[in-house]
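What TrEMBL lists as repeat 'WD' is B:89-130, B:179-220, B:221-264, B:265-306, B:316-350, B:351-383. Residues or ranges marked as transmembrane segment by TrEMBL: B:12-32.
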Amino acid sequence: MKDGIANNSTASISQARKAVEQLKMEACMDRIKVSKAAADLMAYCDAHIREDPLIMPVPASENPFREKKFFCTIL
Amino acid sequence: MSEWCICSVFALQKVSIIIVIFACVVCKYIIYLSEVQLNETLAHLKTESETLKSKLEEERAKLHDVELHQVAEKVEGLGQFVMKTRRTLKGHGNKVLCMDWCKDKRRIVSSSQDGKVIVWDAFTTNKEHAVTMPCTWVMACAYAPSGCAVACGGLDNKCSVYPLSLDKNENLAAKKKSVAMHTNYLSACSFTNSDMQILTSSGDGTCALWDVESGQLLQSFHGHAADVLCLDLAPSETGNTFVSGGCDKKANVWDMRSGQCIQSFETHESDINSVRYYPSGDAFASGSDDATCRLYDLRADREVAIYSKESIIFGVSSVDFSLSGRLLFGGYNDYTINVWDVLKGTRVSILFGHENRVSTLRVSPDGTAFCTGSWDHTLRIWA
C-alpha cells in the first residue's frame with residue numbers, strides 16, 4: 001500500500017514536471033501585438049472578399065446551387 | 001548448563017525481535033521521509049507551474065493593446081444576406097453526426113447514428129454510395145483529397161478507410177481497411193494533404209497520425225486532460241500544424257512532426273465541440289457548449305474575439321469560415337445557424353430550417369455554399 005502511494009506521487013510528480021516544462025516552452029514564444037494581428041486578419045479579408053461567393057454573390061447561372069435546375073424528364 | 005542454553009536462546013529471541021521492530025521503525029521513518037520529500041517536490045512543482053502560468057498571462061496581456069472589433073470599426077459593414085436552403089438531402093434513418101465535402105466541390109460524405117455512411121452528389125441530391133458500418137454512432141467521416149476514398153469511425157474506436165469504386169454495385173464493405181486504433185470512441189478524423197495519412201482524435205484524450213497503407217501509428221499527441229472532440233489541419237501553405245479542442249475546455253496547437261504541443265488556449269467555459277482554422281492559417285475559431293464561438297490569433301497567442309449574445313444559450317456544435325474569412329457560420333443546438341461578422345463581432349444573420357440540433361457544418365471548398373447536418377436526419381445545402 002505504501003508502494004502504491006509512492007507510485008501515485010511519482011506519477012503526479014512526472015505529470016507536474018511535464019506541465020512545468022510545457023509552460024516554460026510556451027513562455028519563450030515570440031508574440032506580436034494584437035493590433036498587428038488584427039490588421040493582418042483584416043488585410044486577408046479585404047484581399048479575398050471579392051472572391052467570396054457567399055458575400056459577393058456570383059450570378060445565379062454560375063452558382064450551381066442557386067440556379068434552378070429541374071430534374072424531371074418529359075416522358 | 002542446559003538452563004543457561006535455554007535462557008540464552010530466549011534472550012537471543014527477544015533481542016532479535018527487538019532488532020526487527022527497530023528495523024521496521026527505521027524503514028517506516030525512511031519511507032515517511034521520502035514521502036514528505038515527494039510531497040514537497042510536488043508542492044514545489046505546483047507553485048512553479050502557477051508562477052509560470054501567471055507570467056504567461058502577464059506576457060500575453062502586455063501585447064493586448066486593442067480589441068479586434070475596435071480595429072475593424074473602419075471596415076465596411078456587410079449588406080443583407082439572403083441565404084436559403086437550396087437542397088435537402090434525405091436518406092439517413094437517424095441523426096446525422098458528421099459530414100465532409102469532396103475537393104470536387106460537388107460530392108459530400110455524411111455519417112449518422114444508425115451506422116450508415118452515404119456519399120451524395122450535392123447538385124442532384126442523388127446517393128452515389130452507401131456503406132453500413134458495424135457500429136452505431138459514426139461520429140467522424142472524411143473525404144480523401146483525391147476523392148477516391150472516405151474514412152469514418154465512431155464507437156468502434158477505429159478509423160476505417162473505404163476506397164470508392166466507380167462500380168456502384170460493388171460491395172464497399174469488402175474493401176474496408178482498418179487504419180486507426182484508439183482505446184475510446186473516435187471523435188474526428190481528417191486526411192492530411194494526401195490520401196496516405198490520416199489524423200484522428202479520440203475520447204481517450206489523444207490525437208494520432210496514421211499511415212493509411214500499413215495502419216502504422218506515425219505520431220501520437222498527448223496533452224489533453226479529457227476527451228478530444230475535434231481537430232482541424234492548418235491550411236497547406238502554413239505548415240505542419242493542427243489544432244484540437246476537447247472536453248478539458250482547452251484548444252491545443254500541435255506540431256505534427258515532433259508531437260509537441262506548441263500553444264494552448266483555455267478561455268472557454270465548457271467543452272469545445274469544433275475548431276476551424278482561419279483561411280490564412282494565422283488564427284482559428286472554436287465553438288463550445290458555453291454557447292460562444294471564439295477567435296484565437298496564433299501569432300498574438302491569445303483570444304481576440306468572442307461571438308456571443310445573451311439570447312443564445314444553446315451550445316455550438318460546429319463552426320466554419322467562409323472563403324475570405326469574413327463570415328463565421330455556427331451550427332447551434334437550438335436548431336439554428338448563426339452567421340457572424342468575424343471582424344466586427346456582430347451577428348449578421350440567423351438561419352432557420354432544421355427541425356433538430358445542427359450537428360455538423362462545412363463550407364464547400366470553393367465557398368459557393370455550405371452544408372449542415374442535423375439530428376433531424378437530413379442535410380441541407382445553403383447558398
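For all residues, glycine too, the Cβ spot is worked out from N, Cα and C.
Between the repeat 'WD' (B:89-130) and the stretches B:179-220, B:265-306, B:316-350, B:351-383, it is B:351-383 that has the most C-beta pairs under 8 angstroms. Across all of the repeat 'WD' (B:316-350), the predicted model scores a mean pLDDT of 96. Under 8 Å from some Cβ of the repeat 'WD' (B:221-264) lie the Cβ atoms of residues 184, 187-188, 190, 192-193, 199-209, 270-277, 279-282, 284, 286, 288, 296, 298, 301, all in the same chain and six or more residues away from its ends. Taken residue by residue, the repeat 'WD' (B:316-350) breaks down under DSSP into 0 helix, 21 strand, 14 coil. Counting residues of the repeat 'WD' (B:89-130) by DSSP class, helix then strand then coil, yields 0 helix, 25 strand, 17 coil.
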